[in-house]
Amino acid sequence: MWILIPAYEPDARLVALVRSLSASGPVLVVDDGSGSAYTAVFDGAVEAGAVVLRHPRNLGKAAALRTGFAWVERHAPGHVVVCADSDGQHTARDIRIVGAEAVRRLAAGEPDAIVLGSRAFVGDVPLRSRFGNRTTSALVRVATGARIADTQTGLRAIPPGLLRWARGVSGERFAYELRVLLEATRMGVALVEVPIETVYLDGNASSHFRPLADSLRVLAPVATFAASSLAAFGVDTGALLVLHAATGNLAMALVGARVISAGANFALNRRAVFRSDGRVLPQLVRYALLAAVLLAAGYAGVAGLTALGAPLLAAKVVTDAVLFALSFAVQRAIVFAPRLRYTKASRNRVATHVSVSDAEVSRAVHA
């Protein structure tokens, strides 16, 4: 396995980390445009045994990771790549543990599992790190349905068969690592979480992660779904009011309004929200069945609320708000479920938690 460390303006802890990993396997460091002031640090990493690649200017962590993935694909094909941070927050033992689990799974015929070093976030954890992780974990669960305890972790092992895929995931800087998790769950790639030590140095002052800004990026699928649903809601509500005024028949008005808005909503959700490339006809059938269920639930909700004296418009708004979350979850998990390209890994959409013994680490470090 190869250990990949992207580094921007590192200190002596990078050299110490490389030195402590020298017996575990080859180390690749990517200098992400740190500048001449940090030449001595990277020279020290070379002396400690690392291969150092350099960006002429700062391109961000995503670019540094992609550079490392591409280098390993070309110069050391077939190897697991273990990504670790340069600031000392990942211990050499934990890096070996994560790598050992990835190597073990690869040898066991599970080539499509990404192994994450997962921190517990208990004890003396900086507020922004605790807030950022809880926020992104909740958002990832909403957006994908996957339960991932540590979405911020930079310690993750990528098997050789997924390096090209990982390079192709969109996103820049720290948002890229979140996108990898989102895309992995969408594509059916297994996520395996291995417990690691929680280490924060100097209050995590060296971190370039922006909890609020980067966490909000995870909301893109939900926000797009909300926009699509809002557009359909506008068409649906307008048609409902017009048809009800014209016919006086609530059931007919609800059915007519839903038929008018359903076609556009299906197309928007398929392409813009869930980015599905599955067969249209089966998806359309599932969508129609869901729409029928939602229609019945919507009718029951609106009829029940209006019977209690609520205005029609208010009853419609309340009912659709309740059905929104249900619709998103069902469309994500059933209607537009991904074609699982990674058969073995696709059996586990929820991150698996495992432990790795010291013996397994010892066997894997030279793999």
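Glycine residues also receive a Cβ, built from the backbone N, Cα and C atoms like all the rest.
Remember, TrEMBL labels are computer predictions, not curated facts.
Averaged across the domain 'Glycosyltransferase 2-like' (3-98), pLDDT in this predicted model comes to 95. Among the features that TrEMBL reports, domain 'Glycosyltransferase 2-like' is placed at 3-98.
Annotation source TrEMBL lists domain 'GtrA/DPMS transmembrane' at 225-336.
Among the features that TrEMBL reports, transmembrane segment is placed at 249-268 (among others).
TrEMBL lists 289-315 (among others) with the feature transmembrane segment.
The transmembrane segment feature in TrEMBL is assigned to 321-340 (among others).
DSSP states for the domain 'GtrA/DPMS transmembrane' (225-336), grouped as helix (H, G, I), strand (E, B) and coil, give 99 helix, 0 strand, 13 coil. Within the chain carrying the transmembrane segment (321-340), a Cβ under 8 angstroms from the stretch's Cβ atoms is held by residues 144-145, 186-188, 222, 225-226, 229, 269-270, 273-274, 276-278, 283, 286-287, 290, 294, 297-298, 301, 346, all 6 or more beyond its ends.
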